[in-house]
Amino acid sequence: MAASRPLSRFWEWGKNIVCVGRNYADHVREMQSAAPSEPVLFLKPSTAYAPEGSPVLVPAYTRNLHHELELAVVMGKRCRAVSEAAAMDYVAGYALCLDMTARDVQDECKKKGLPWTLAKSFTASCPVSAFVPKEKIPDPHNLKLWLKVNGELRQEGETSSMIFSIPYIISYVSKIMTLEEGDIILTGTPKGVGPVKENDEIQAGIHGVLSMKFKVERPEY
């Protein structure tokens, strides 16, 4: 039976945005954090999606909004407690996402031992590219990601540098929560995260696959 909702527009109906933190060793070092023994997980709401053409919004409560460039895995069917060996059978495709982060707020949350919700889960905190079918990326661990702010290269990394592989992450997450068709998993960011401000232009891409562009705005409320 054909899907009633197109995966090519997963951001319009997908329920869950699962994010993996500290999955590149170089980013762990730049954040002066300890390397994790298991994936570090947090969630964003579906209202965090900002498809290309819409702006990145700066929350009123932060003075230090950062970009984090990430490969996202788009789930193609319901996934519960799957093995690492079978995990890729549940993948429909990929996208490029930004995990926009209120870094000053996150730092305070860390100091107080609080969740990162205020720092990570605000409206438009997950800018997203077009959907890329699985067939167009035969090896998701052999990609080069890049990000520029106002034409200046900020982030450049290879997915081969992930600490936890995509099959491992899918299996791990699926044993904690059921993943549904249209859900995505953000797989972590390489080094080079940094601040953006109102009127900046963010460009990002996967070499040889796609690129995307966003304007940073401050909402009028």
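Placed from the backbone N, Cα and C atoms, the Cβ positions cover glycine too.
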Which of ASP89, ASP99 belongs with GLU68, GLU70 in the Mg(2+) site listed by Swiss-Prot:
ASP99
Taking just the CA atoms, what is the gap between LYS112 (N6-succinyllysine) and ASP99 (Mg(2+) binding site) in Å?
22
Cβ-centroid neighbourhood (8 Å) of the Mg(2+) site, GLU68, GLU70, ASP99 excluded:
CYS19, HIS67, LEU69, CYS97, LEU98, MET100, THR101, LEU186, GLY188, THR189, VAL193
Which residues, sitting 6 or more apart from GLU68 (Mg(2+) binding site) on the same chain, put a CB under 8 Å from its CB?
LEU98, ASP99, MET100, THR101, THR189, VAL193
